[in-house]
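**Q** Just passing along the structure, written as C-alpha cells.
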Amino acid sequence: MPAAFLAGGSIDRVNTTSVVSLLSAIEDTGRDTRRGGYSRPVYSSAELQLREWFTAEAARRGLAVETDRNGILWAWWDLSDSSASAGPAGVPDRRGALVTGSHLDSVPGGGAFDGPLGVASALAAVDLLRARERDGSLVRNRALAVAVFPEEEGSRFGVACLGSRLLAGTIDPRKALALRDADGNTFADVSRTHGLDPEAMGRDDAVLRTIGDFVELHVEQGQGLNTEEFTDAAGRGPALAVGGSILGHGRWRFSFTGQGNHAGTTLMTDRADPMVAAAQLIVAVRQTASAQPGARGTVGRLEPVPGGTNVIASRVELWLDVRHPDDAVTASLVEKIHGQAQKIAAFEGCTVHMTEESSSGTVHFDPALQRSLEQSVARTVPGAPVLATGAGHDAGVLAARVPTGMLFVRNPSGISHSPEEYVENDDADAGVTALADVLEDLL
Ligand code: GLV
Ligand code: MN
Ligand code: MN
Ligand code: MN
C-alpha cells in the first residue's frame, strides 16, 4: 500500500476488526482524485452507494431499514421478538427508542472518518450487543435504531444538518426545498428524484417520538485530545472523549457586485473589481476573528462570476463561517464583518449584499445523558475527558427536541475536513466497545 494512501485519510488494514473492515469496504467510494480525500455530497452516486452499503450491512444484521419522509435512513432493531413489547396488531413499539448513528455525506475532499466512523461503529456495536444478548448479559427494554442523516455537511445545498433540521422543525421546509446546488437543482427536485415527496418534508413528530435518546460517535476534529492537558509521557492522548458542547456557528453569504470588464483594456484607475473587495474582506475576517478570544472566522469558498483569467469579475459570491461559544458574540462579529464589507465594497465602487444561510446557537448536551456516557466510557477509557467541539453535528440539532450526547474518537493528526483526518485502529475499536457499553447501559 503506497504511503500516500495511508496519509490520504484511509484505513490502516493491519488490524481487521469489525469497524475497520466495515470502513475498508467503502474506502474506494467517492475518492476524489483531483482534491484528494473523499467527495460524497448528498444524493451523489458516491453517497447513494454508501446508503446501499449501509442498507445491506443493516439487513445482514437483521435490522429493518426504512427511509423517513426527510430522507433519513433508520435501521431498526425492534423488541418485536418479545410479544409483550409489540404494540397493537404486532406493530413494533418504537416510542422512546435509543438511537445512534451519524452521516455518510462529506465535505469536498474530506477525510474517511467524518460521518462514516459513527455509522460503522454503530453497526459494529450492534454486533457486540447481539452477542451480549445471546449470552444473556444484555436485556433490552427498548428498541434500538441506527440513523443516517442526509446533508450533514451542507456541502451540496449550503445548509448543514439539513436532514436533522427538517426532522426537528428547526428549518422552514419551504426554505429547505428552495435551496439550490451548484448546478441550480433545487433540494425539492433532487429529493423528488430520490423518491421523496417534497410536500411531506418537515418536522415529523411521529419520528421524533421514536427517539428517546440520541448518541452520536464521531471522529474528533481538532487537537482536543492531543493537548498536553490530556497526553501521556509519550505524547499520546486518551482514545475517547465525551461531548460537552458544540460551538454556536453559522454561514453567511456575501454577494459583491462590481463592473465586469476586459483585463487588458481597463485602466487600473477605472475598475470596480469585486474580487479585490472580496480579498480585502477575507483579510478583515481573519483580523476581526483573531481579535476576539474563542472566535473562529473562515472564508473557505469563493465564486467569481464569470470566472475568466482575462476577465474582471462582475460579481463574487463569498461564504463566511463564524463560530463562538457566546451567541451574542457571534452575532456581533457578523455585524462587524458586515459593516467592514460595506465599507470595503464602497471604496472599490462595488455593492455588497449579505444573506444568512443558517445559524445554530451553542448547544450543551443533556447533562444526565452526559453523566451516563462518562460512566459507561470509563470502563474502556478511565477518566475520558469531556470535550467541547467546534464542529457542527446532527446531535446538536436534535438536542432541541430530545436528549443527545456524543463520543469523540482520538484523531492523532488533529486535522479534519481534509484527507489528513485520521483514526487509529485501536482507538476505533475502543470507540465501538465504549459505544456498545453506552448503549447497553441505556437500553
Ligand atoms: C460540519 O462538520 C461543520 O462543523 O461545519
Ligand atoms: Mn461529521
Ligand atoms: Mn464534517
Ligand atoms: Mn459536522
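Glycine is treated like the rest: Cβ placed from N, Cα and C.
Keep in mind the model is a prediction, meaning the values are calculated, not measured.
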**Q** The Zn(2+) 2 site in TrEMBL includes GLU153, HIS417. Which of ASP114, ASP183, ASP189 is also listed there?
**A** ASP114
**Q** HIS194, HIS218: which one does TrEMBL list with HIS103, ASP114 for the Zn(2+) 1 site?
**A** HIS218
**Q** Cβ under 6 Å from ligand 2: which of the binding-site residues GLU153, ARG251, ASN310, ARG323, HIS417 qualify?
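**A** The qualifying binding-site residues: none of them.
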**Q** What are the other residues, in sequence order, whose C-beta lies within 8 angstroms of the center of the C-beta atoms of HIS103, ASP114, HIS218 at the Zn(2+) 1 site?
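**A** Other same-chain residues with Cβ inside the cutoff are SER102, PHE113, GLY115, PRO116, LEU117, GLY118, GLU152, GLU216, VAL219, HIS393.
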**Q** Which of the three DSSP states, helix, strand or coil, fits GLU153 (Zn(2+) 2 binding site)?
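**A** Assignment for GLU153 (Zn(2+) 2 binding site) reads coil.
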**Q** Could you check the binding-site residues HIS103, HIS218, ARG251, ARG323, HIS417 and say which one's CB has the most other CB atoms within 10 Å?
**A** HIS103
